[in-house]
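Annotated features, as they stand in TrEMBL:
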DOMAIN    22-390  domain 'Pyruvate phosphate dikinase AMP/ATP-binding'
DOMAIN    458-537  domain 'PEP-utilising enzyme mobile'
ACT_SITE  His489  active site, tele-phosphohistidine intermediate
DOMAIN    559-902  domain 'PEP-utilising enzyme C-terminal'
BINDING   Arg595, Arg651, Glu778, Gly799, Thr800, Asn801, Asp802  substrate binding site
BINDING   Glu778, Asp802  Mg(2+) binding site
ACT_SITE  Cys864  active site, proton donor
Amino acid sequence: MENKKVYTFGNGKAEGNSEMKNLLGGKGANLAEMNLIGVPVPPGFTITTEVCTDYYTYGQEKVKEMLTKDVNAAIHNIEKLTGTKFNDAENPLLLSVRSGARASMPGMMDTILNLGLNDEIVEGLSKKTNNPKFAWDSYRRFIQMYGDVVMEMKPINKEDHDPFEEILDQVKEEKGIKLDSEFTVEDLKDIVGRFKKIVRERTGKDFPTDGYDQLWGGIFAVFGSWMNERAILYRQMEKIPDSWGTAVNIQAMVFGNMGSNSATGVCFSRNAATGENLFNGEYLVDAQGEDVVAGIRTPQEITLEGSRRWAKLAGVSEKDRAAKFPSLEEVMPIVYKELDDIQFKLEDHYRDMQDMEFTIQNGKLWILQTRNGKRTGAAMVKIAMDLLEEGKIDEKAALKRVDPIKLDELLHPVFDNNSLKTAKVIAKGLPASPGAATGQVVFFPDDAEKWHNDGKKIVLVRQETSPEDLAGMAVAEGILTVRGGMTSHAAVVARGMGKCCVSGVGEIKVNYKNRSFEVDGKTYKEGDFISLNGTNGEVYDGKVETKVAEMDNDFTLLMDLAEKYTRLYVRTNADTPRDAAIARKFGAKGIGLCRTEHMFFEGNKIKAMREMILAENSEDRKKALAKILPYQKEDFKGIFTAMAGLPVTVRLLDPPLHEFVPHDEKGQKEMADQLGVSVEKIKQRVDALQEFNPMLGHRGCRLGNTYQEITEMQTRAILSAAVELKKEGVEVFPEIMVPLVGISHEFEMQEKIIRDTAEKVFHEEGMRVDYKVGTMIEIPRATLTAHKIAKTAEFFSFGTNDLTQLTFGYSRDDIGSFLPTYLRKKILKVDPFMTIDQNGVGQLVRLGVQNGRMEKPDLKCGICGEHGGDPESVKFFHRVGLNYVSCSPFRVPIARLAAAQAAIEDK
Ligand code: PEP
Ligand code: MG
């Protein structure tokens, strides 16, 4: 409570500077800095973010007591600099009160303008400016804003009207006018009277007349708005801690609504949507800030070029444009020139694209705010690469400027922003796989294929998905599942396919029988259109326009730069040649995880697989497996060829066998007919395979160690494919990976089967290939005994999906039932299946690496769980010394950038 709480600025001097964002908030720090570099800013002061914390700890009275002396002194400083007086009718000073947190939270908190007016002061202002209409218009705006923000006159719900807007409408109707600007002074006086009356009626209090009372009300309202619902939600989305608090910025008002020589606007030093290096923005003559965003009047473009481009798009002729919507460049050329110089100066100073607010009062330009502008993923990449080329930033800074997650926008279809504005959200789930999808609802994978073949775009809606649904998923624009988390089958597969997926949408009730789902009382039938936003988890009613993302030269430049700085390299999780090829295009250095199970579902493979499952003994199993062998071999040839010259880690069969058999009667009947056995027999086998928690049961190396024929067949398929390709001159580096090892002996048994089979294959083929045998580390016990496993294992790949499941004891597929509550109650900060839990699961990874390298100092260690594509997790894996991460193809560029950033941050 002892620290300095109020920092003043004005007239080229400031107590703060841009380094002090934590204390002064982004806006306050930049207001100070602008003063220091000679940019015209209305004088004022900033109350620090620490006071916000005090406000929530000690309450209003105490904070007022602590601050009064400093605030009064700071007000006197403004009075001195402006030659005006606060709370004075002769020569009034009016104030603006604005929030400003460390990280920008646009529009989330409250602002009050024109503070300091009452019935006498408005007359004083009117006389001083000789502009009664301006004075009374400012007064009615002040009551309206202060009433809404401080006195809580805002509409209570959607049906409730804003009482102030209602009065404005009434007066307009009585006077037969349409626009606010048509009000006369008498109208405005009448409105002010009515406003004050409704405040009294609604709140039981009179509108405060003392300037200092108004000021404290405003300061506390801004602190209070830190905890309003939308600010809390925004912080959750942007991962901004609640503890940061907001600063309050109080400044002398400058007025853009003093007539035709005044204006207000917003501008950007580059284009925030495309990144194009072109100054742009909008303004309105004779207006205050909120008019530009309110949408009542059409804002005009700042530059002539922007204005001409706008006119072309809007279908406005050049003559009409120049007459009705001229640019600021044309209307106020001298002020425009000054603004243009300032935007250059600010961008040069901050070395980043600036988003600025300005006001012109009677021909004098004032800058009210500057900040690094928010931008799309495409703009982010282009601006970083352009600034690098212009010599404004160096390579490391350019790499750090791009948020890896934002690269998603460049790789997937995205929604058209205008269409999104009017889209109706009907439900929300987990953003399982990014991108945008619009299509007709279907519920069954075979229907998905049929509809797709008929040329329709479809969204597959499932309770959950299983490997059987793969073909249907592959043709869908997007996938929605009611159950399942970020590592559910649907999520993992969709990410692999680069397909949009929203999972765990619990609000939706699916009725497969009626081919419909219900949400919020509305029923959607098969064929109805819905849209999915895989980037934020929203589900929309009907069609929302999408556009295709494009990769360009700047993206390539960025990736080349990432390559230059990275230590951790990136592989991909890929099960098909197509996915492997995509990942390679994105710069993957091999395959870190090829899940072989996905290969068993196509065509005849599933039939042979089911024969193997039905087999009563080893001989019969071998026979069935012999049928699968040639298919597996072909699959591996395809993948090895796509990754020629690079290592490919193939994992032996992992999932429990029940995933390969049908659970419904229809499916079982089909299987019985296909294999020529009774339905009874199928049912019996399916029942026997049933497990309570299949993820803890007969899977992973437990399969290969109980049915060693499976490991033999898969090894044979992998290595004979490798030998054949070697004979054709293709370079192959197979790595055979054993899943779910918890005991070193489990690995040793598998390794022996693999090595024996390899020798047989090499002997038969008359040629050897280099290959490695390693293991997944995904069971906590394996991390603790890693030194023993490393005696024989040639590499480790951490399976952080299972490791997270087993460390937390959370079932991977059922976390959706309690995760939202856990996040809301802050028991968990983030979904641990999405971002690695550094303090728990992450420590096991660290230990596993240390233990393994104790035995083999240069043991190659990677990670192939879903965390391999999450930037924060990638940085952690860099720090614990992994050699590589492996992630789904569309995440490869994200992981590459995050890895490069980790290397830079390391130094
Ligand atoms: C893991 O467990 O992290 C892993 C990569 O394997 P899967 O997701 O197939 O179990
Ligand atoms: Mg696993």
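Even glycines carry a Cβ here, placed using N, Cα and C.
Where the annotation comes from TrEMBL, it is an automatic prediction and has not been curated.
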Residues within 8 Å of the Arg595, Arg651, Glu778, Gly799, Thr800, Asn801, Asp802 Cβ centre (excluding the substrate site residues themselves): Leu593, Asp654, Pro739, Leu740, Met776, Ser797, Phe798, Leu803, Cys864, Gly865
Nearest-integer angstrom distance between the alpha carbons (Cα) of the residue listed as 'active site, proton donor' and Gly799 (substrate binding site): 6
Alpha-carbon distance [the residue listed as 'active site, tele-phosphohistidine intermediate'; Thr800 (substrate binding site)] in Å: 15
Recorded positions whose CB lies under 6 angstroms from ligand 2, from His489, Arg595, Gly799, Thr800, Asp802: Gly799, Asp802
Cα-to-Cα gap, Gly799 (substrate binding site) vs His489 (active site, tele-phosphohistidine intermediate), nearest whole Å: 15
Those recorded positions in His489, Arg651, Glu778 whose CB falls under 6 A of ligand 1, listed in sequence order: Glu778
Sparsest Cβ surroundings (other CB atoms within 10 Å) among the binding-site residues Thr800, Asn801: Asn801
DSSP state at Glu778 (substrate binding site), helix/strand/coil: coil
Arg651 (substrate binding site), number of other Cβ atoms within 10 Å: 28
Secondary structure tally of the domain 'PEP-utilising enzyme mobile' (458-537) (DSSP, helix then strand then coil): 18 helix, 29 strand, 33 coil
Of His489, Glu778, Gly799, Cys864 (the recorded positions), the residue whose Cβ has the fewest other Cβ atoms within 10 Å: His489
Length of the line joining the Cα atoms of Asp802 (substrate binding site) and the residue listed as 'active site, tele-phosphohistidine intermediate', in Å: 13
PLDDT averaged over every residue in the domain 'PEP-utilising enzyme mobile' (458-537): 87
Inter-residue C-alpha distance, Glu778 (substrate binding site) and His489 (active site, tele-phosphohistidine intermediate) (nearest angstrom): 17
Same-chain residues at least 6 apart in sequence whose Cβ lies under 8 Å from Arg595 (substrate binding site): Asn573, Asp575, Arg651, Asp654
Protein Cβ atoms within 10 Å of Asp802 (substrate binding site), excluding its own: 24
Residues Arg595, Arg651, Glu778, Gly799, Thr800, Asn801, Asp802 [recorded substrate binders]: greatest CA to CA distance in Å: 15
DSSP-derived class (H/G/I helix, E/B strand, else coil) of Arg595 (substrate binding site): strand
